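For reference, the structure is listed below as structure tokens.
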Amino acid sequence: MAIHLYKTSNPSTRNGTVDSQVKSNPRNNLIYGQHRCGKGRNARGIITAGHRGGGHKRLYRKIDFRRNEKNIYGRIITIEYDPNRNAYICLIHYGDGEKRYILHPRGAIIGDTIVSGTEVPIKMGNALPLSTDMPLGTAIHNIEITLGKGGQLVRAAGAVAKLIAKEGKSATLKLPSGEVRLISKNCSATVGQVGNVGVNQKSLGRAGSKRWLGKRPVVRGVVMNPVDHPHGGGEGRAPIGRKKPTTPWGYPALGRRSRKRNKYSDNLILRRRSKMTRIRRGYIARRRRTKIRLFASSFRGAHSRLTRTITQQKIRALVSAHRDRDRQKRNFRRLWITRINAVIREKGVSYSYSRLMHDLYKRRVLLNRKILAQIAVLNKHCLYMISNEIIK
């Protein structure tokens with residue numbers, strides 16, 4: 001959907017944007033009222049989820065996440081706005097007279113046909129099990145975790161997962177968070193990406209639009225009093241006074257793991273979500289830019305042409321040195337790929353991909369496990385390896 005920009009007639013619409021979606025009223029038999037109680041409070045009235053409250057009244061739309069209308073073609077009649085989610089929804093009229101809502105796949109338009117089943121074409125909007133001839137690298141969404149329970153993963157606007165591998169009874173998926181996990185091949189998924197990709201580029205324009213969504217203001221800890229937050233207090237704009245940012249209850253705000261221990265799905269997750277990896281990459285990039293900037297500022301004393309030329313040469317040399325370092329990393333990765341392929345050709349013994357990743361993260365028997373993990377995930381030819389030979 002396109003994003004429209006308002007004219008600068010008043011301050012509230014000067015920077016606001018709005019989506020142009022199909023205007024239509026929801027069907028009465030597919031909606032019901034929902035009492036939004038709590039506003040972020042528990043049964044005792046204590047705030048357990050901050051920055052929530054108020055908001056416009058909503059009618060909940062019944063979304064078909066199961067897609068259990070097997071081998072019956074349906075046609076997209078409308079594309080509607082859903083106040084309960086960021087993604088748009090489609091009204092589908094099936095051939096047997098059934099009418100249901102589904103998540104809007106990216107690129108789907110009014111009049112397109114969709115179908116679900118085991119022997120359906122691999123086309124955008126079609127739902128089929130992962131055990132079918134779905135090729136590796138296919139973009140999917142609305143993925144089941146438990147067979148028959150309906151899609152639970154990858155349902156937000158613009159979300160998309162990638163099918164990496166199939167082996168035995170499981171399929172390996174890479175989720176939008178960067179997590180790599182195993183899913184039963186009998187579970188179904190919808191082909192394509194969820195629509196409304198530009199939802200994060202939309203500007204609300206005013207505070208009232210945020211309150212309509214049921215979101216209250218977010219107050220920084222440094223402007224609070226010491227009794228309210230560990231960052232509070234001080235004269236004027238004082239720093240937080242700690243080595244690392246903390247939550248209002250004193251726990252580390254960055255990098256603390258929020259997942260419960262000993263969950264049933266620990267053995268199914270091959271690589272945890274890479275949030276800190278992205279933070280680390282950004283930190284390294286900022287340090288690299290700072291080094292180059294400081295290196296250049298050391299030559300700013302003289303203003304002669306010769307000094308400026310030397311400065312540019314030094315900066316270019318420093319940049320090329322960083323590039324050479326990245327090139328060495330790529331060459332090292334290629335060397336490992338060559339060694340692994342040689343072991344596969346010589347021995348011919350199948351070492352499963354899931355077993356490799358299990359040894360990689362749980363038993364930690366492999367040297368250079370981070371580099372080998374990148375190779376195993378990114379390179380399709382390294383799905384079968386022999387860990388003992390790699391250690392040697």
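Placement of Cβ uses the backbone N, Cα and C atoms for every residue, glycine included.
Automated prediction, rather than curation, is the source of TrEMBL annotations.
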1-25, 301-325 - the range that TrEMBL marks as region 'Disordered':
1-25
Confidence summary (mean pLDDT) of the domain 'Large ribosomal subunit protein uL2 RNA-binding' (40-116):
93
